[in-house]
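The domain 'RNA 3'-terminal phosphate cyclase' annotation in TrEMBL covers 13-338. Look at TrEMBL and you will find 104 tagged as ATP binding site. Residues or ranges marked as domain 'RNA 3'-terminal phosphate cyclase insert' by TrEMBL: 184-286. Taken from TrEMBL, the feature active site, tele-AMP-histidine intermediate covers 320.
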């Protein structure tokens, strides 16, 4: 098979788990065997971590594929995909590894399955270095559904660093093909809302402090909008462990959603957590794009699969996005161009990502 196997260098560009997620998802969708070498070569602990392994295993299970080199610490895997089937699939990182990253790798695949799928994803719901589950539900879901599919995401239990223990159930029906998206008009910010949460041993006062600090910070830049950041204490029967954090979403007149978020940790002042999230949101609003920095790279695989031309206006292109584009182009017939946006305001650092999608058709429907 080696003649037909696509060779992927897992150590270039972003050099992390994202290369694995994009390349194995596309391998599964296109029926292309891949070999990924130098996995996470530039990281302090190179090779597969539990979360990456869970992602590979769910992809393998989704299509009855073959995975070699699938163990913790492995720096090379080969993957030979089979046929994507629906049904119930379970992935468990057994750590606080992010359920949202498991969703990122599985979701494009189950869209092109033969029948509806139910994914039980276990691990961390609010983890460092990954989108929080609240971001996935509040921002990613409404925007990605513009590609003309829907999914249901039920948060059964929240799990935090270090032990995880969260569980999210995702239900999706397959589609014939994905429609392209056009997100090029930002519009004006019409509302700002969010949630500041605590769970486990932490008092609700921390959530109130995070919320108040975030509101004060946003107020300096945006004076005339009502800001509604709800302080919440997660119910004990729906959360494992102790955690805290905040997510703030700005909604615009054209339906764009941009966010800022932050997680609490031991020794980190609650005000600082709130201010971090507020500053991230303001930064995302400043560049004039229609999506924030966290969503930018998550849309690339869907743009590549869609039929027709997608256009998204963004702020500065992140390394994650450049990496996703590189591997999407290597594996599919999609063609991306990134051009500086011709802005009325030259101080705005905005770009248009345009993609002529490959027009993936679900062979099962």
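Glycine is no exception: its Cβ is also placed from the backbone N, Cα and C atoms.
In the predicted model, the domain 'RNA 3'-terminal phosphate cyclase insert' (184-286) shows an average pLDDT of 97. Per DSSP, the domain 'RNA 3'-terminal phosphate cyclase insert' (184-286) is made up of 38 helix, 37 strand, 28 coil. Rounded to a whole value, the Cα-Cα separation of the residue listed as 'active site, tele-AMP-histidine intermediate' and residue 104 (ATP binding site) is 13 Å.
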